[in-house]
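Report on the structure given below.
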Amino acid sequence: MMLLGQVKYGLHNIQISHLSIASSQVELVEAKSIDVSIQNVSVVFKGTLKYGYTTAWWLGIDQSIDFEIDSAIDLQINTQLTCDSGRVRTDAPDCYLSFHKLLLHLQGEREPGWIKQLFTNFISFTLKLVLKGQICKEINVISNIMADFVQTRAASILSDGDIGVDISLTGDPVITASYLESHHKGHFIYKNVSEDLPLPTFSPTLLGDSRMLYFWFSERVFHSLAKVAFQDGRLMLSLMGDEFKAVLETWGFNTNQEIFQEVVGGFPSQAQVTVHCLKMPKISCQNKGVVVNSSVMVKFLFPRPDQQHSVAYTFEEDIVTTVQASYSKKKLFLSLLDFQITPKTVSNLTESSSESVQSFLQSMITAVGIPEVMSRLEVVFTALMNSKGVSLFDIINPEIITRDGFLLLQMDFGFPEHLLVDFLQSLS
């Protein structure tokens, strides 16, 4: 204002309250954008207004005063999604803001004098101009921050120790009239080294349209999972003494039978058994379930009556299991549909063993070993997922479906409040 002077002001210590949204709509515009329309957003801002006034005669006045702003706006945002170095990027070139109301009150005055009203009207007018550009700019910034936050959180959920997963995008997300689709590498990372595997063939026709979320996993993902788990020494189990006996009893194995007492030498609390994979398991997805081919060594070590010597029995076997997975009540369940055991070698490292003893131990592996390994995998995977916060998500009616060459996870989904809280805290 050339005749009256110059006014500078800033808003500080802003608090937001009484936020309400009358209605909102989301439309997917095929191959273009996600259009979000929000009607009648009402919000109250409170804080401190610091302003300075310099007259045309160079007299300066600096003041601060508490303020309150009542506002009501409509907002239209058309967001485009792209891929930048494997990350989702958002851009809102079309952002429209219209005010139904923007009322500035100073120190709670609802009916100020005409001079103060002129001052507040001037600030309100300039605020509208500033807010229109600034709100759209901030929405774009926060959208990208949130996209990074979600992708980083997803990568964290899929990592443990030296094992991680590269979920970088392979291209721009696809927007259709009814759904969003994104393709991710899914390469496992072990000790910061990633395998660069060819990408599998995927077609949207492999998915349905009745659920909110679909995750499609190539069987190559499970092949890589088996490889890094084997490299990291996670595919082994050791049971000793009373724990070994308790496991047998859990699965209904009679530890009082004569042959058991004979084999353990009368000291079941000192018996030991170890199981480990001899080489990397092979995992394939088939219509009947997830098929796991593994070569394992099972070693039993039993004390002799003199407790100075032990007898060891070692079995090398090829085991093929068919498993179906499900998720319910925050737990992973593995159902054993079928299995085949092919003995390869049987050895007794200290003395000859009878055929009946070998048969007895073989039956122990079948009746107890396989179910116990399945049970422990359920516990380990459930604990791992819960440690990553998966149990905090509202996962509704999930289904795990296997088909030749891939696995499909489909579910309905409730946005977790804790994730929004974590995101807002990350902004501070």
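Note: Cβ is positioned from N, Cα and C throughout, glycine not excepted.
Bear in mind that TrEMBL entries carry predicted annotations, made automatically and left uncurated.
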Request  = Choose one of CYS136, CYS277: the cysteine that TrEMBL connects to CYS95 by a disulfide bond.
outcome  = CYS136
Query = Among all the protein chains here, how many other CB atoms are within 10 A of the CB of CYS136 (disulfide bond)?
reply = 18
Query = What count of other C-beta atoms do you get within 10 angstroms of the C-beta of CYS95 (disulfide bond), across all chains shown?
reply = 18
